[in-house]
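Residues or ranges marked as domain 'Phosphoribosyl-AMP cyclohydrolase' by TrEMBL: 43-115. Per TrEMBL, the feature Mg(2+) binding site maps to Asp90, Asp92, Asp94. The Zn(2+) binding site annotation in TrEMBL covers Cys91, Cys107, Cys114.
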Amino acid sequence: MTGTPPPSRPSGLAPEIAARLKRGADGLFPAIAQQYDTGEVLMLGWMDDEALHRTLTTGRCTYWSRSRREYWVKGDTSGHVQHVRSVALDCDADTVLVRVDQVGAACHTGDRTCFDADVLLGDAVAPGGTHAAAGRAAADQ
């Protein structure tokens with residue numbers, strides 16, 4: 001992982017949740033954002049206890065920016081908000097799945113997801129049935 005970890009300070013996260021979380025050496029854990037009604041994987045961000053607390057209490061995804069070294073709420077700048085529908089821990093308690101209602105693009109590049117522009121294997125299908133590879137080829141012409 002890169003960047004500076006978030007400040008070490010008490011969080012508002014419920015102690016029973018904090019006790020279950022497994023974090024990296026930098027205090028962070030991955031947070032996968034998924035569209036709640038389609039299952040589409042939108043993005044991966046990083047959270048610490050405070051970011052998770054803010055996400056759970058505000059209903060909007062809050063992440064820790066490793067490059068800017070600050071908390072950020074998805075959509076505060078772009079308007080592409082993630083309204084939280086549910087939050088779940090994985091079986092190892094080292095990753096959270098945040099099911100959201102995504103407004104606009106999830107990716108900072110303006111794409112709907114962070115995973116539809118560079119398919120390494122297979123034939124990814126974008127929402128609406130468009131093949132990601134076909135969409136890229138058409139855009140290149």
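Heads up, the Cβ atoms here are built off N, Cα and C, so glycines get one too.
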Smallest number of other CB atoms within 10 Å: among the binding-site residues Asp90, Asp92, Asp94, that is Asp92
List, in sequence order, the same-chain residues at least six positions removed whose CB sits under 8 Å from that of Cys107 (Zn(2+) binding site)? Leu42, Met43, Thr113, Cys114, Ala117
Using all protein chains shown, find which of the binding-site residues Cys91, Cys114 scores highest when you count other CB atoms within 10 A of its CB. Cys114
For the recorded Mg(2+) site formed by Asp90, Asp92, Asp94, which further same-chain residues have Cβ atoms within 8 Å of the site's Cβ center? Lys22, Leu89, Cys91, Ala93, Thr95
For the domain 'Phosphoribosyl-AMP cyclohydrolase' (43-115), residues assigned helix / strand / coil by DSSP: 10 helix, 29 strand, 34 coil
